[in-house]
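Quick notes on the structure that follows.
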Amino acid sequence: MREIVHVQVGQCGNQVGAKFWEVVSEEHGIDSAGTYKGDTDLQLERINVYYNEVAGSKYVPRAVLVDLEPGVLDSIRASSIGSMFRPDNFTHAQSGAGNNWAKGHYTEGAELVESVVDVVRKEAENCDCLQGFQICHSLGGGTGSGLGTLLISKIREEFPDRMMCTFSVMPSPKVSDTVVEPYNATLSIHQLVENADEVMCIDNEALYDICFRTLKLTTPTYGDLNHLVSGVMSGITACLRFPGQLNSDLRKLAVNLIPFPRLHFFLIGYAPLTARSAMGFRALTVPELTQQIFDSRNMMAASDPRHGRYLTASATFRGKMSTKEVDEQMHAVQTKNSSFFVEWIPNNIKSSVCDIPPKGMKMSATFIGNNTCIQELFKRIGLQFSAMFRRKAFLHWYTGEGMDEMEFTEAESNMNDLVSEYQQYQEASVDDEAMEDDAEAEGGAGQNEAVEEF
């Protein structure tokens, strides 16, 4: 079976991950002690994607929980789902990374990383046919970003041919937790470009917007935000875990979504998002789901898909529905909004259908898009990065842990290259020879304007 080993790193990663395990356990009918209490054999048929069956038919999540301080892991241990996890899979140090990427990547994290890789190796050895890893972390702090990227590169060395999918919480434009977020994020993106296969970009501000605008929550908590993310996480792998008419897995996703190896940063969305109060007044239909997943207000990262073009996209529908209708709707989206899709990749939407809907719903849809507008997110981080780096603000915290300024410069230029690659493909067209010169000229003009504005 196609198992996935789940690794959650740092405070954010562990909180999102804990919520994810609640959602998946509910879908498979597993209670907090790890025993099966479900009502249909379909829940057990491919349960071993995320769970390992141990003696006494107890199901244990294939999860590795990592942090540089004990706090969050202790609270997961004490929570209602704490007893599900294998106690050996909790790995933590005492000192914390203090929002410092260098501590997570080079000093504190480097001491812990070997023991984490051992745990990951044990989990991988329990698998018949390991498909890949999913990593949950944030890029703004120290542990998730520093230790998270270190772990990704270590796992990559050991399992070079397995998929590496990350759920990365990006720093938001308006909501900032720490001053040094731009540094941590830029250094992390530098690593993710090289070592990850698929990066799902999430950011808190977009999640807050969904909670305020769509779900009508007046005071959204992190629990609410994490619940949104976990819905997408479970949706992406639904096809692996339940029988479906059109299946997809992490590798099929990558093959269909990534036209060029560096461009693997995705926007994700989920439907139906409705306020609890309005739940009873909504009929769910395939056209409505399709319309909602392509809506910019549904994206979980603060980039507007209307500012860019889709290179590729993928949608996973769950529930009893006709595949013909799904295909028609997807085709309709493409023909109606053809200017938002690049014309040099015909039929660039992949759709898959899974027969089992999420708990308590008739149908749902998960969306993953590779849109050039994601460059907005990198540009924003890049501007904040260069503003601080020009003055060498806060650098001593990083150089003190043995980093070199050169690494910052490299990370910055790698991210700038990424932005210009996205821009290049946004402007590219089918008959490109003539166009390319124009695009370069335009691109040059655009950059100058931006500099003046700034």
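Note that Cβ sites are derived from N, Cα and C of the backbone, with glycine treated the same way.
Worth saying up front: this structure is predicted, and the values here are computed from it rather than measured.
Taken residue by residue with DSSP, S138 (GTP binding site) is part of a strand. Swiss-Prot lists Q11, E69, S138, G142, T143, G144, N204, N226 with the feature GTP binding site.
Sequence annotations record features per position, and here Swiss-Prot assigns Mg(2+) binding site to E69 based on similarity to another entry. For E69 (GTP binding site), applying a Cβ distance below 8 Å and a minimum sequence separation of six or more within one chain yields H92, A93, Q94, S95, G96, A97, T143.
The compositional bias 'Acidic residues' feature in Swiss-Prot is assigned to 429-441.
Marked as region 'Disordered' by Swiss-Prot: 426-454.
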Secondary structure at N204 (GTP binding site), reduced by DSSP to three states | helix
Neighbouring C-beta atoms (10 Å sphere around the C-beta of T143 (GTP binding site)) | 34
To which of the binding-site residues Q11, S138 does the lowest count of other Cβ atoms within 10 Å belong?
-> Q11
When you measure from the Cβ of G142 (GTP binding site), how many other Cβ atoms are you left with inside 10 Å?
-> 28
Could you say whether, by DSSP, E69 (GTP binding site) belongs to a helix, a strand or a coil region?
-> coil
